[in-house]
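Enquirer: Structure in structure tokens, see below.
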Amino acid sequence: MTDTPDTIDVLHVDDDPDFTELTATFLERVDARIAVRAARDADAGLDVLADHDVDCLVSDYDMPGPDGIEFLEAVREDYPELPFILYTGKGSEEVASDAISAGVTDYLQKGTGSEQYELLANRIVNAVDAHQSHRLLTERTRRLETLIDNLPGMVYRCRNAPAWPMETVEGEVEALSGYAAVELERNEVQWGEDVVHPDDREQVWETVQDALAGDGTFEATYRIVTDDGAIRWVWERGRSVRRDESVVALEGFITDVTERKEREERLERTTARLEALFENSPDMIDVHTDEGTITDVNRRFCEAFDRSRGELIGQKVWDVDQESDPEELRETWDGMDVGERHEVETAFRRADGERFPVKVHLTRLPTDDGEGRFIVISRDISRRKARERALRRYEQMVNMMQEAACIYDEEGRFDLVNERMAELYGTTPDALEGEPSTLIETIRDEADGDPYRDLLDGDREELRGEIETPIAEYGPGVLEYRLTPLVADGSVEGVVGVTRDITDRRAREREFERMRELLERTERIADVGGWELDPDTMEVFWTDQLYELFGVDRDTDLSLEVALDAYHEADRQIVADAVETALDSGDPFDVEVRCRGSTDETRWLRVQGVPTVEDGDVVTLRGAVQDVTEQRERERQLQRAREDASELFNGMNDSAWVIGLDERFHAVNDAAVETLGYSRSELLSMRPHDIDVGLEDGEITALIEDMPEDGMQVFETAHETADGERIPVEINSSLITYQAERAVLSIARDISDRKQREQQMAEFASVVSHDLRNPLNVAEGRLQLAREECDSEHLEAVERMHDRMNTLINDLLTLARNGTSVIERESVELDRFLGTCWKNVATADATLRSGIERTISGDRSRLQQLFENLFRNAVEHGGEDVTVVVGELDDGFYVEDDGPGIPPDSRPDVFEMGYSTADEGTGFGLNIVERVVEEHGWEISLTEGSEGGARFEIRGVEFGR
């Protein structure tokens with residue numbers, strides 16, 4: 001616990017101060033590093049520990065207050081690693097055992113003579129050294145683990161064998177290889193056989209073995225195959241671990257170098273591509289220093305000057321290009337920065353003296369040694385110069401043309417454009433030159449093959465066609481084009497294009513075709529006839545459909561007057577006025593009029609007309625005539641249905657309203673207005689929440705949002721009228737379509753009378769329960785006393801009557817209470833529930849078979865009444881040995897017996913109150929069953945069972961599983 005290794009601070013706790021002083025004197029004399037501090041008991045010792053650093057603690061066992069063991073336990077709570085020597089005169093095996101259990105470092109019994117102090121000093125030094133060694137080892141281990149955890153790879157120790165079986169692995173083992181460290185350490189996965197790539201295993205083995213024959217250190221770069229099949233590059237560095245000159249293991253480090261290897265491979269590929277580009281370029285390329293010395297040339301450069309690479313390398317630039325000026329070149333080179341590019345057009349002279357024009361691109365290259373180095377790319381532009389001369393000859397010709405004309409280059413870009421062509425694109429000739437032509441792009445995209453290339457290659461003499469394209473200031477247009485090859489010096493140097501705007505012509509043609517197709521389509525599909533009026537001649541054209549509709553002969557010469565005569569005499573003026581207005585104003589019209597057609601039956605027609613206007617004048621009037629007689633009849637019937645629905649809606653005795661999904665009233669009937677005391681306009685400005693006092697706002701919203709798609713939503717609540725009266729109501733709601741929108745139709749029935757009846761039934765149940773059952777209980781008690789005095793068969797009969805009276809009272813209570821209490825649904829497991837119900841019925845020797853293991857949602861008490869009454873009915877009518885079966889249906893369940901059954905003509909009456917064919921029956925049981933079924937929203941039917949007995953089927957049941 002001290003940072004000074006030359007001093008050992010010892011705390012000696014003993015209740016004998018003379019002994020602690022003597023011990024301190026001997027200890028400091030035996031070992032000068034020891035400094036002793038004394039304390040008289042355990043509490044004082046703890047205070048010293050709190051205020052001072054101590055390297056070792058020596059304590060007696062038998063002391064006032066806590067003894068040495070208790071003191072040790074207290075020390076260990078705060079100083080678990082502090083060396084603690086129990087030095088006592090009252091030693092025993094038990095004390096030694098307790099000390100060891102408490103974590104003592106050493107145990108020494110007090111003796112006589114100075115030798116005991118030498119032994120104690122030795123124990124102290126050993127304990128402190130061991131503690132410091134353990135602490136240093138722990139810290140070293142922590143640093144090593146931290147280093148390994150942060151290494152970008154794995155550290156290993158393995159045996160020197162081809163499989164490289166691992167003994168230990170640390171670090172990012174799984175991230176590197178995909179395998180867990182334990183798989184490698186258990187040799188479930190062998191590094192040399194399962195991880196090292198098969199193609200690299202032999203090379204790795206040889207590399208390591210060669211290194212082991214030398215100084216034992218090695219490096220290797222190779223591929224591995226990870227657990228998921230991916231291939232990675234790794235770099236490994238290791239050394240041998242030897243014992244007696246023999247290699248017992250290998251230790252080393254492996255890291256992922258995949259990215260570095262991929263960069264190297266990409267660099268190699270890029271270098272290869274650049275070298276290929278340099279050597280095979282169609283341009284002349286040379287590299288030279290800032291002194292003009294050529295250091296490299298490509299094949300094309302050698303061919304241009306008819307000299308070999310060896311002859312050219314080492315020459316000066318001006319020795320090869322004799323027309324260049326050395327001083328001008330040096331001045332240019334000195335003014336260029338690294339990466340800067342310089343372009344110039346000049347001429348080279350071949351070895352035979354021939355000159356040829358070139359365009360030179362000069363770039364200064366970066367270098368490591370600071371010397372200037374340049375790459376020069378020179379392109380022979382002889383052909384371009386010839387083409388430029390040819391273009392200049394054509395330029396004057398193109399500019400003189402009255403039509404839009406241009407010259408395209410080999411790529412389909414504008415090379416030369418006249419003013420008319422530029423106007424089509426809304427720009428200037430200079431701005432258009434060099435831009436790609438949308439015409440050429442469209443031709444190439446839409447054609448099979450490449451017709452533009454065919455022109456350039458001389459395989460086609462001409463290319464004609466039309467194209468739809470935007471035209472400046474006019475929007476979409478149609479251009480007619482003609483393309484021909486431009487031949488200069490016997491070779492095709494481009495393409496001459498001449499273009500004409502034919503937008504107006506094509507528009508007229510399309511309009512004519514559109515109208516023709518429109519008339520044919522309306523006549524054929526929509527049962528509509530088409531017509532056209534010429535304003536100049538007032539002649540009328542009808543399609544065949546109109547001749548047939550009006551009953552007019554097809555050979556009749558139609559004028560406007562003749563055409564108007566086809567309409568009903570009372571409506572002719574309507575059509576005439578509409579036509580006259582359309583011709584004057586240019587506006588379309590749409591009217592409905594009558595006619596007497598070929599069947600002499602009055603028909604309703606919809607007549608439409610659309611003028612065509614050019615330069616402000618109506619040039620034609622076209623339209624359609626459609627027979628809408630059936631449509632008008634449907635509209636009339638629809639209006640009548642709406643009126644009937646409104647009359648029915650307002651004629652209801654119950655309040656009704658339509659609630660939109662916005663939770664507001666959209667319609668209310670007369671009964672709602674009268675019952676609630678609000679005006680219709682007031683109700684239409686309100687929400688259901690404003691009148692409902694039985695439900696919270698959130699509950700009302702939830703009911704509207706959760707409306708079922710099919711079926712009704714039924715619930716009870718209370719409404720408050722305008723004067724504050726509270727009315728109990730039963731709500732029946734369903735989804736409807738109202739004015740083309742989804743809505744909720746809700747009908748509220750005043751159930752005040754029903755609530756009063758339910759109250760009366762509850763009071764009746766109370767009377768039955770108290771005023772009838774109490775006397776019956778007295779009678780049963782008296783019967784028991786009578787039996788003790790005498791034995792008579794009359795008493796048995798009295799007991800049976802008492803049982804029958806009890807059954808009648810129970811059934812009456814059930815009938816009364818069923819109508820007054822609310823269904824409380826829960827999940828009921830039928831299999832176990834049926835057994836309980838069966839035990840509650842006097843079944844004698846009857847048998848129950850249940851083939852249903854499902855859960856249903858229902859009121860447990862009501863369901864018990866249902867099943868017990870069905871079981872009791874089966875036993876009463878089927879005999880004591882009857883068999884009752886409960887089985888599953890697709891949407892419910894059934895209860896049947898093998899008794900005599902119920903005749904078909906009696907089945908409609910079995911659910912009536914009081915109906916029974918058994919002597920002991922009350923006539924209430926099946927009525928109770930029917931009520932329970934209805935309360936749950938289910939349906940019940942009676943039919944014949946599979947064994948001839950009665951079969952009751954309950955449907956509409958919701959199963960839980």
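Just so it is clear, glycine is given a Cβ too, placed from its N, Cα and C backbone atoms.
Quick paste from TrEMBL:
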type	residues	note
DOMAIN	9-125	domain 'Response regulatory'
MOD_RES	Asp60	4-aspartylphosphate
DOMAIN	140-215	domain 'PAS'
DOMAIN	218-269	domain 'PAC'
DOMAIN	270-331	domain 'PAS'
DOMAIN	342-393	domain 'PAC'
DOMAIN	390-446	domain 'PAS'
DOMAIN	511-586	domain 'PAS'
DOMAIN	589-640	domain 'PAC'
DOMAIN	641-685	domain 'PAS'
DOMAIN	713-763	domain 'PAC'
DOMAIN	767-955	domain 'Histidine kinase'
Enquirer: Would you mind checking how many other C-beta atoms are within 10 angstroms of the C-beta on Asp60 (4-aspartylphosphate)?
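Expert: If we count other Cβ atoms within 10 Å of Asp60 (4-aspartylphosphate), we arrive at 23.
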Enquirer: Who are the long-range neighbours of the domain 'PAS' (641-685) in its own chain, taking Cβ under 8 Å and residues 6 or more past its ends?
Expert: 691, 700-701, 704, 719, 721-723, 727, 729, 736, 738-739, 741-750
Enquirer: Which residue counts does DSSP give the domain 'PAS' (140-215) for helix, strand and coil?
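Expert: Tallying H, G and I as helix, E and B as strand, the rest coil: 38 helix, 13 strand, 25 coil.
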Enquirer: Within the domain 'PAS' (270-331), how many residues are helix, strand or coil going by DSSP?
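Expert: Going through the domain 'PAS' (270-331) residue by residue, I get 32 helix, 12 strand, 18 coil.
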Enquirer: Go ahead and report the DSSP secondary structure tallies for the domain 'PAS' (641-685): helix first, then strand, then coil.
Expert: 23 helix, 10 strand, 12 coil
Enquirer: DSSP helix, strand and coil counts for the domain 'PAC' (713-763)?
Expert: 12 helix, 31 strand, 8 coil
Enquirer: Should the residue listed as '4-aspartylphosphate' be counted as helix, strand, or coil on the basis of DSSP?
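Expert: For the residue listed as '4-aspartylphosphate' - judged by DSSP and reduced to three states - the answer is coil.
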Enquirer: Residue counts in helix (H, G, I), strand (E, B) and coil for the domain 'PAC' (218-269), per DSSP?
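Expert: Helix, strand and coil residues of the domain 'PAC' (218-269) number 12 helix, 32 strand, 8 coil.
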Enquirer: Give the mean pLDDT for the domain 'PAC' (589-640) on the 0 to 100 scale.
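Expert: Taking every residue in the domain 'PAC' (589-640) and averaging pLDDT yields 86.
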